[in-house]
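Enquirer: Got a structure for you, written out below as structure tokens; questions coming shortly.
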């Protein structure tokens, strides 16, 4: 039977799952309705939809993983099950990370203003830039899959030991495991640097824009707010992404060093913060999604009886 702490962990995980499904499902629903009405989607909406779908998949993987950790931890001693969970986790996490990175790069090229010839050339080909980023990330995905085989052997042996209430013992050395863990997360440094570069260049573009306004007070200020909105979106992604990657690193370190089952549950719960909260930041930062969300809240507030009758 699960302990009180484990039950609280499951309740918190289910809460994070429902919040994440609500936010990401809303993004997918709004964009699908828009696609049916207009027969097309903008590039930003396509990226947002891909990001939301990958986040929904990520939430399902985290939920299944959480139930396995609490209710049936002995099943992780089965190598095939561990491999399946690892593959789905890696795939959903990789796609979510790179869709969010492409969104940061897209905001940069759409909002920033530089006169450099290379920037102008890339700006006119932003759709191709995003496509190249997504296709190029597949090579990193295959590298992740190669590293997973090593982790599976360590995690499987670890849960066999956990089931016997034994002490840590593994054919793989701690140093070898930590090296692979660092390499596994080092791959995430590439999308982080791309988003960070986009943020820094957006800041530079904003400073140049403000300086031009000071030199030409009569000119219209149409892009300052656009710069600030884009920078807020990229900054929120970077902040939550750091928390997310840190939780993954902590999971591996806790599993290897502390061997604490409850500590690992806390770290896994922390990993739900990124996919759950980022969706609502995206909704607030996108005018179409924000207006639809406000309209939905107004409808629910003005027609509570009708909503109750539909629910029943």
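Any Cβ shown, glycine's included, is placed from N, Cα and C.
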Enquirer: Kindly point out the range from 77-94, 95-112 that TrEMBL annotates with transmembrane segment.
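Expert: Of 77-94, 95-112, TrEMBL gives transmembrane segment for 95-112.
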Enquirer: Among 151-176, 177-202, find the range that TrEMBL records as transmembrane segment.
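Expert: Matching range for transmembrane segment: 177-202.
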Enquirer: Near the transmembrane segment (124-145), which residues from the same chain, at least 6 beyond its ends, have a CB less than 8 A from one of its CBs?
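Expert: Distant contacts of the transmembrane segment (124-145): 43, 47, 87, 90-91, 94, 98-99, 101-102, 105-106, 109-110, 184, 187, 190-191, 194.
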